[in-house]
Amino acid sequence: MEVAMVSAESSGCNSHMPYGYAAQARARERERLAHSRAAAAAAVAAATAAVEGTGGSGGGPHHHHQTRGAYSSHDPQGSRGSREEEATRTEKKKKLHHRQSSFPHCSDLMPSGSEEKILRELSEEEEDEEEEEEEEEEGRFYYSEEDHGDGCSYTDLLPQDDGGGGGYSSVRYSDCCERVVINVSGLRFETQMKTLAQFPETLLGDPEKRTQYFDPLRNEYFFDRNRPSFDAILYYYQSGGRLKRPVNVPFDIFTEEVKFYQLGEEALLKFREDEGFVREEEDRALPENEFKKQIWLLFEYPESSSPARGIAIVSVLVILISIVIFCLETLPEFRDDRDLIMALSAGGHSRLLNDTSAPHLENSGHTIFNDPFFIVETVCIVWFSFEFVVRCFACPSQALFFKNIMNIIDIVSILPYFITLGTDLAQQQGGGNGQQQQAMSFAILRIIRLVRVFRIFKLSRHSKGLQILGHTLRASMRELGLLIFFLFIGVILFSSAVYFAEADEPTTHFQSIPDAFWWAVVTMTTVGYGDMKPITVGGKIVGSLCAIAGVLTIALPVPVIVSNFNYFYHRETENEEQTQLTQNAVSCPYLPSNLLKKFRSSTSSSLGDKSEYLEMEEGVKESLCGKEEKCQGKGDDSETDKNNCSNAKAVETDV
């Protein structure tokens, strides 16, 4: 029975008993069985000896020996086998007499039996013991603390690795039913080992990483973590890589759990995309050349130094001046003179002969090159061009530089000036070639001048609010596309309906379905200019339905856009707090070296570990720099506080 029990356990299906305590239990069970069998054998041997002592004459046994001898003379092989069997029986009888002397008090407890039966039981017992010894030598189960000696610890009872990376290689469990118990803050989970082994780089999938959380007393892994989050973590292993956040778990808490269980950056990024956030851009590397690095920091990172902050202020002022000039030149007081100057520069003298204002402009020598607006525009373009060329020279990667949307905006804001300048020079060199060509050149110049309005987006390089707005719009492209699609369907539907509803009205404003597009857009967006309105009852009903549908259409995607805006706003706020903390920490000479290394290695990204951020903040508060700030901020302190502050200053002096 014991052999069957051991083989069943070693086949790989009973993995819930602690390995060390299971070995101890088996050892105690074997010891009890050995004592009970020895006592029974001693009792039977005593009874047999008593029967043989009262059996009469000694001829009986002598007769048996003669019979066996006669039989063995006819069969030599049988005689040899019988002699070996006789020797075995004699040896076992000696063991019986030895056990009888060890347990003389058990002779009255067991009934008498035949010698053959006793020998058969002893033979089975020895075979069982030999099989158990072979299994222990093969390493099917661990030894108990008695086998290890008095110096055995719980760490010795943990599953050992043979170096092959298999984890529990010394325990021959079957992969199909080897199970593991995981305790998360008192909530027990049970799964198969092969399920966790699908992701060997994670905390639960790597035997070496999870061993530190193993509890040998209960044969389970204990994690003092968030319990509701582990349902999704375990489902990640069971589903082969699908990570879904539980509804009752906040986003930041679940993100911390994903990082703790080391599911990987790819799983975290995929989870963030499923939650509706855009994939974060990788941190841009700095140039390797020290000179280029300093230039890049000056023009790209205004917060890096005071000169960089000054360059950013100059850039913002130039952008504002350019935008103001772009708006002022469209005033009627300046627009007429500027158009005449451009016409004179283009060679349109014949058209301006009858213009009363033309002679004084032409006689005064006004050209586009001495126009005040052109001069100010030239100064702004010189700065924009200088800034763009320097940043292009010092950038770490030319390919990434020209792919950046901000740099594309810089190019678009610079090109119109050079195109306009080239067109003016070509017109002066070629002279007037007809009114049609002049009209064409004026139209092109107006379009090119309109492109200059994109310079306002250059402010987003120095404005956190515009950056947050840009991130929000980019993260909400799916919702914005859905909103536009719904509006498109509504415009087509309601413009057609109002056209046919107003078709019989002679004074209607809706002469065609395309004419009704404007009314449908204005009504669905709840603007309602009133320039076009339905007159009939049917048209008014259609207008009412159009307004209600517009409210519902716009209201559905708006919460998602607002949620994205709140996320980017809070992320930027936390980023500013973390940057301020980092600057204060680096300037503190009394901060521990391990925390100082974290501060210096931390980037400007606000997606860092929140626990690490809190740890760094606590380190700053507990350092001598934090105590110094407390001492400076207090006016009326107790005697103990004054002594603490003086001691802190003394320590600073010693340092």
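Cβ atoms are placed via backbone N, Cα and C, with glycine included.
The structure displayed is predicted, hence computed values, not measured ones.
What Swiss-Prot lists as phosphoserine is SER123 (among others).
If you look up Swiss-Prot, you'll see SER601 (among others) marked as phosphoserine.
What Swiss-Prot lists as region 'Disordered' is 24-153 (among others).
Taken from Swiss-Prot, the feature region 'Disordered' covers 631-655 (among others).
The motif 'Selectivity filter' feature in Swiss-Prot is assigned to 526-531. Across the motif 'Selectivity filter' (526-531), the model assigns an average pLDDT of 86.
Residues or ranges marked as transmembrane segment by Swiss-Prot on the basis of similarity to another entry: 307-328 (among others).
Summarising the annotation, Swiss-Prot assigns transmembrane segment to 373-394 (among others) and lists similarity to another entry as the type of evidence.
Under the heading transmembrane segment, Swiss-Prot lists 406-426 (among others), citing similarity to another entry as support.
Sequence-distant contacts of the transmembrane segment (442-462) (same chain, at least 6 residues past either end, Cβ-Cβ under 8 Å): 302, 312, 315-316, 319, 322-323, 326, 342-343, 346, 406, 409-410, 412-413, 415-417, 419-420, 423, 470. According to Swiss-Prot, the transmembrane segment annotation covers 442-462 (among others), on the basis of similarity to another entry.
Feature annotation from Swiss-Prot assigns transmembrane segment to 478-499 (among others).
Per Swiss-Prot, transmembrane segment is recorded for 541-569 (among others).
Residues in the motif 'Selectivity filter' (526-531) partition by DSSP class (helix H, G, I; strand E, B; coil) as 0 helix, 0 strand, 6 coil. When each of 307-328, 373-394, 541-569 is checked for Cβ pairs under 8 Å to the transmembrane segment (478-499), 541-569 comes out on top.
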